[in-house]
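Straight from Swiss-Prot, the features:
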BINDING   Cys34, Cys39, Cys45, Ser271  [4Fe-4S] cluster 1 binding site
BINDING   Cys60, Cys64, Cys67  [4Fe-4S] cluster 2 binding site
DOMAIN    46-260  domain 'Radical SAM core'
Amino acid sequence: MNAGPINYKVKLPSGERYTFIKSTLSARNLYTVCEEAHCPNIAECWESGTATFMIMGSNCSRGCRFCAVTHGRMLPLDPMEPEKVYESVKMMNLDYVVITSVDRDDLPDKGSSHFAAVIRRLKDLKIKIEVLIPDFSGVHKFIDKIIDERPDVIAHNIETVRRLTKTVRDPRAGYDQSLNVLRYVKSRSNIITKSSIMLGLGETDDEVIETLHDLHDAGVDIVTIGQYLRPTKKQLEVKEYSPMERFKNLEESAYSIGFSFVASGPLVRTSYRAAEAFVKGGFKND
């Protein structure tokens, strides 16, 4: 394992498409997780016409120790947000859109009705819709609101191995709770499910493989594995930088376990090349 940083090549944000998307989002006071979480793939994804919209505000009610999303005062939801997202996606002429959100533990339904309203509005565009959801405190009736809108993919991230969960994630999150969310989605539908694991927080390969088995047993179809990169000095330090060989070996292990599609590499994130995962995984709409 490498103790020091490896030269992970990241394209700097630039280009006409990038500038257009950034100005479109700013004009509508919309947020992307690409910006808020300091995603290293922002240039590549935006230039290819893909963006992950982050709804329900820019402040999160939780404080996971790996995440750069802010935790300030929780503001009221914008009732016009479903329309703003719809208009932005339409203007960008996207074929595949990813919607995620901050946690809103301050709201009675954890924001599930608002999240569902955004999906419902986007359905009018006849495009592929992937959602990366919070755990909604594990409450089934809140998760049902998302399932009932029938997005093409429902993702929820396990983030790390069982042993490190309490160190890495907010106390209100949980390893088993995340598995239960994914298991419940699959039990109620045939919607494609997806999750993600970060490397570099002190986990062992055996622990990662155990987590892959847990995710597969919960019915997860797609898994992504990426390197944790410390966003700012406020977040957890990187314990190790994994070489490409480690990502390749874990990808092979994941496929042998039975996942339909695996993306594994230093800069891979949950929504990275999401449309490709849908196509190469051999998935089809009902």
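A Cβ is built for glycine as well, from the same backbone N, Cα and C atoms used for every other residue.
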Q.
Give me the CA-CA distance between Cys60 ([4Fe-4S] cluster 2 binding site) and Ser271 ([4Fe-4S] cluster 1 binding site), in Å, as a whole number.
A. 19
Q. Whose Cβ lies within 8 Å of the mean position of the Cβ atoms of Cys60, Cys64, Cys67, the [4Fe-4S] cluster 2 site, other than those residues?
A. Arg62, Gly63, Phe66, Ala68, Val69, His71, Val102, Asp103, Asp170
**Q.** Ser271 ([4Fe-4S] cluster 1 binding site) and Cys64 ([4Fe-4S] cluster 2 binding site), Cα-Cα, nearest whole angstrom
**A.** 19
**Q.** Nearest-integer angstrom distance between the alpha carbons (Cα) of Ser271 ([4Fe-4S] cluster 1 binding site) and Cys67 ([4Fe-4S] cluster 2 binding site)
**A.** 16
